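In what follows, a single structure is set out as structure tokens and then discussed.
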Ligand SMILES: CC(=O)SCCNC(=O)CCNC(=O)[C@H](O)C(C)(C)COP(=O)(O)OP(=O)(O)OC[C@H]1O[C@@H](n2cnc3c(N)ncnc32)[C@H](O)[C@@H]1OP(=O)(O)O
């Protein structure tokens, strides 16, 4: 642990190891015990061998690095054994779309748990500070996570970078979309998604600011190959969208909630479209399914073209707008240089960082398209001053710097600089992330 107090050093030891899927490998048991500890931490059931095998296979494909924190010395009789970690943490590396097609390799943090009997001893702080420092030392400029609670990660410099919301769409007679279909939709066997889903998502990843490249698990879930219990989910159905030239450019996988659930509802498992037409045509299809009154989606964009395509936008009952992707800038100059800024000009940004990873004052100069140059400007008077978490929140346009100034989070030293920064950090379409991890 990076920030260990003496007590923790004596009490705990940390092991970091790659996920292995080979059940005959020496490390397999350590990995399965680690997965069981994660299930425990998230109040899920004990996992059976099938679930463990499938999960570790997917983890190995993603090259996940697992961290476990173990109690030193003995544990009391009858309690969980010393080889069961009291805390878990995992990382993998995936690309983040930072706007205008640019990709930034990022350190994805997931599976963070600390056993209730060891909480609030600084174990999370130790794990996360060590990992963020190591990721930066390894040349990464960005870390990302999705959070179980909104109060945990701001203190570590993470800021909300995308939102999502749950929608219920009334697909009764008033469900009508403007325009006409620009392709065709065909029903397919869900197993087709094992190959099709990653291909379609690869296009979406190139086109969508805020998108994170998906882990292996997604194609398994979308195709019904694995459900929450590790068994195949035979209730999953799927439809594919083809553009006018016959190229497959979108899919939806969905399941019926059952005849005892009223209104009769189709629940979207995954909806991915690489074209605007594909997205709307898949909704046309969903709206046309006989015997179904409602379609629900828990991962809908907040800025959703569907609202504006519907003749009656009140068909959508939206609730629970939630923070989704949280970003943590590890290297300010590298993260800014990774982006393309759509306006030309210059901004001087002061960034504070309580973990000491990304703080400083930077001159950002953009030519309005191809290049952004970032120079260290220590001593210069900044136009704007903000915490590194706030820079993460404006980085893909999740919130306007004008709003963060009004909230007292950003300090504007040069009048008008917050509005200028809003224009700088604009991306080509509202950031949305379809990848939970
Ligand atoms: C990316 C993901 O995986 S998100 C999933 C996070 N995991 C969960 O929600 C599972 C259930 N919860 C847990 O396992 C634990 O309570 C954790 C992981 C959230 C926290 O672990 P702990 O080891 O207790 O945290 P730690 O003692 O290092 O606390 C670090 C700081 O965060 C604060 N903190 C920890 N948990 C919370 C919380 N749930 N809400 C608000 N603040 C919190 C602590 O007060 C402490 O603050 P300080 O250092 O500024 O004084």
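Every residue number used here counts from 1 along the chain in the order it is shown.
Backbone N, Cα and C define each Cβ position, glycine as well.
Sequence annotations record features per position, and here TrEMBL assigns acetyl-CoA binding site to 112, 113, 114, 120, 121, 122, 123, 124, 125, 148, 149. Using a 10 Å Cβ-Cβ cutoff, residue 112 (acetyl-CoA binding site) registers 22 neighbours.
According to TrEMBL, the feature active site, proton donor maps to 153. If you draw a 10 Å sphere around the CB of residue 153 (active site, proton donor), it holds 23 other CB atoms from the protein chains shown.
TrEMBL lists 231-329 with the feature domain 'Eis-like acetyltransferase'. Helix, strand and coil residue tallies for the domain 'Eis-like acetyltransferase' (231-329), in that order: 20 helix, 46 strand, 33 coil [DSSP].
Per-residue confidence over the domain 'Enhanced intracellular survival protein' (333-433) averages 95 (mean pLDDT, predicted model). The feature domain 'Enhanced intracellular survival protein' is assigned by TrEMBL to 333-433.
Annotation comment: TrEMBL describes 437 as active site, proton acceptor. Look at residue 437 (active site, proton acceptor): DSSP puts it in coil.
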State the count of C-beta atoms found within 10 angstroms of the C-beta of residue 149 (acetyl-CoA binding site), not counting that atom itself. 6
Say you check the Cα of residue 437 (active site, proton acceptor) against those of the recorded positions 112, 114, 121, 153; which is nearest? 112
Where ligand 1 binds, which of the recorded positions 123, 149, 153 are close by, with Cβ under 6 Å? 123, 149
Whole-number answer please: how many Å between the C-alpha atoms of residue 123 (acetyl-CoA binding site) and residue 153 (active site, proton donor)? 14
Neighbouring C-beta atoms (10 Å sphere around the C-beta of residue 437 (active site, proton acceptor)): 21
